[in-house]
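Engineer: Okay, here's the structure, questions in a sec.
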Amino acid sequence: MKIKNICCIGAGYVGGPTMSVLAQKNPDIKITVVDINQDRINSWNDENLNDLPIYEPGLKEIVNEARDRNLFFHTDVEKAIDEADMIFISVNTPTKTYGKGKGMAADLKYVELCARQIAKVAKSDKIVVEKSTLPVRTAQAIKNILDNTGSGVKFQILSNPEFLAEGTAIQDLLHPDRVLIGGEESPEGKEAIDALVEIYATWIPKEKILTTNVWSSELSKLVANAFLAQRVSSINAISELCEVTGADVNEVSRAIGMDSRIGPKFLKSSVGFGGSCFQKDILNLVYIAKTYGLHEVADYWEQVIIMNDHQKRRFADNIVSTLYNTVSGKKITFLGWAFKKDTNDTRESAAIYVADALMNEQAEITVYDPKVSEERIYEDLDYLGTRSPEENRKLLKVVKEPYEACNESHAIAILTEWDEFKEYDWQKIYDSVIKPAFIFDGRKLLNPKEIKEIGFEYYAIGS
Ligand SMILES: NC(=O)c1ccc[n+]([C@@H]2O[C@H](COP(=O)([O-])OP(=O)(O)OC[C@H]3O[C@@H](n4cnc5c(N)ncnc54)[C@H](O)[C@@H]3O)[C@@H](O)[C@H]2O)c1
Ligand SMILES: O=c1ccn([C@@H]2O[C@H](COP(=O)(O)OP(=O)(O)O[C@H]3O[C@H](CO)[C@@H](O)[C@H](O)[C@H]3O)[C@@H](O)[C@H]2O)c(=O)[nH]1
């Protein structure tokens, strides 16, 4: 079966970049990315490409090549569904904030809405691809909705989780470690799997395209994120031990990472992992385990989150205790707000929680981040609901220039590992801050020797 027309529902961090690369590599397939958010679609259609909704290195060039050739962005969801042979569901699946499973389970209302809309509109057979991260066995629920339309239309459901990381989305999409496709083990299921394999095979070697049953594919996505986050929490747990024993966590990471069985990646100690996925997906895994009565399994994975919360809290506590047990009325500069470098995404960023903890102590925070907007930062804080929007704006200021952000500061905290922070004139910054001059490096980014020689009191995670 040769796919000619693809629709992707959801023009977010996954839908946008993924479909852009798919379109670039398959110029003979028409790909339409739809979203209910008109502003987002307008941004994707921004004529001079300066206002794309997502910042990812390399994305602009690919959108420029494929857009209006075989890649289209619009809001007419029903028309795009009707025309497509293959429909990707790439909508958000946040943690539930209400009802059963509140704070743990994935909220599948957007996915269900998509399934119902497909069921309503479809007049010809379709392959529906789960691109969103979903709890194991969600394909069954989607299938139930689709198979009960009475229209006679046949659907095949595939699971094709996305493993891209933000900031490196385009490179991850162009050169993935693997592509995972789960499908039914029937002849129709195999035909659907083959159709999707052919699309990826236009640029990815076939041996990297892994096909499994649907449930293994759905579960593998949650497990991959749980394992990755577990490594970060493991090294962060060790960072605290390093701080009290005189060991250095970078040296420990290097020493253990050279063991080929452990490997060197994802062993960078930090102020805590953030991002839209790790916490949400582990909570989801924990919830699924609990649902099946597997309490030891649930407790085991929950510990990854507990350690991460501890790491954020103790970073804030350390600032307070070092600044003579009070930060009330003191200016604390945050360098970085994004959850990692090279992205403007701030979801679950450690910076939000560290700021909130310090604002509870009446600190006056000034934030500089090269890519995150002022509006976004206030939205993140307001979302916590800890204090009124007016108080948030009173206690936290956002500036567009790093030296201005540091001027007359009592302490500088590095929350994101942006490369440009390393290049700053730290002597100039030292001259402009209140003494003693403190730096709290949540990313172990700066050179401790150089920074201390300038005169800073320098505290880094894990040493
Ligand atoms: N962000 C990542 O790096 C990443 C990586 C891998 C997997 N994932 C998973 O991919 C999924 C999407 O994540 P994201 O970060 O792209 O989310 P996102 O919030 O950036 O984008 C989702 C988009 O879907 C749209 N949407 C929701 N319901 C809709 C509907 N009924 N019709 C049309 N549009 C609708 C929203 O308006 C939004 O623009 C999630 O399940 C996530 O866990 C995310
Ligand atoms: O050694 C490390 C590696 C990462 N982090 C932090 O962990 C978080 C997540 O980083 P990363 O995994 O690089 O970014 P994400 O974009 O969240 O990507 C993860 O989540 C995606 C969504 O599911 C998956 O597709 C990716 O494979 C998975 O890496 C960030 O706050 C990082 O700063 C560390 O603190 N130390």
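Residue 1 is the first one shown; counting continues down the chain.
Including glycine, each Cβ sits where the backbone N, Cα and C put it.
Whatever TrEMBL says is automated annotation, not expert-curated.
Pulled the feature table from TrEMBL, pasting it below:
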BINDING   10-15, ASP35, ARG40, 91-95, 132-133, GLU166, 277-280, ARG347  NAD(+) binding site
BINDING   162-166, 221-225, ARG261, 268-274, 339-340, ARG443  substrate binding site
ACT_SITE  CYS277  active site, nucleophile
DOMAIN    333-448  domain 'UDP-glucose/GDP-mannose dehydrogenase C-terminal'
Engineer: What is the one among the binding-site residues ASN92, SER269 whose Cβ has the most other Cβ atoms less than or equal to 10 Å away?
Structural biologist: SER269
Engineer: Enter the number of other CB atoms within 10 angstroms of the CB of CYS277 (active site, nucleophile).
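Structural biologist: A 10 Å sphere around the Cβ of CYS277 (active site, nucleophile) contains 26 other Cβ atoms.
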Engineer: I'd like to verify something. Among the recorded positions ASN92, THR95, ASN225, CYS277, PHE339, which ones have a C-beta closer than 6 angstroms to some atom of ligand 1?
Structural biologist: ASN92, CYS277
Engineer: When the Cα-Cα distance from GLN279 (NAD(+) binding site) is computed for each of the binding-site residues GLU162, ALA165, GLY272, which gives the smallest value?
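Structural biologist: Given the candidates GLU162, ALA165, GLY272, the nearest one is GLY272.
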Engineer: At 10 angstroms around each C-beta, which of the binding-site residues ALA165, LEU222 has the fewest other C-beta atoms nearby?
Structural biologist: ALA165
Engineer: Summarise the domain 'UDP-glucose/GDP-mannose dehydrogenase C-terminal' (333-448) as counts of helix, strand and coil residues per DSSP.
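Structural biologist: Tallying H, G and I as helix, E and B as strand, the rest coil: 47 helix, 19 strand, 50 coil.
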Engineer: Quick test of your reading of the structure: among the recorded positions TYR13, LEU222, SER269, GLY272, CYS277, whose CB sits under 6 A from ligand 2?
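Structural biologist: Among TYR13, LEU222, SER269, GLY272, CYS277, near ligand 2: CYS277.
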Engineer: Cα-Cα, whole number of Å: THR95 (NAD(+) binding site) versus LEU222 (substrate binding site)?
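Structural biologist: Distance (Cα to Cα, whole Å): 13 Å.
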Engineer: Going by C-alpha positions, which of the binding-site residues (GLY10, TYR13, ASP35, ASN92, GLU166) is nearest GLY272 (substrate binding site)?
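Structural biologist: The answer is GLU166.
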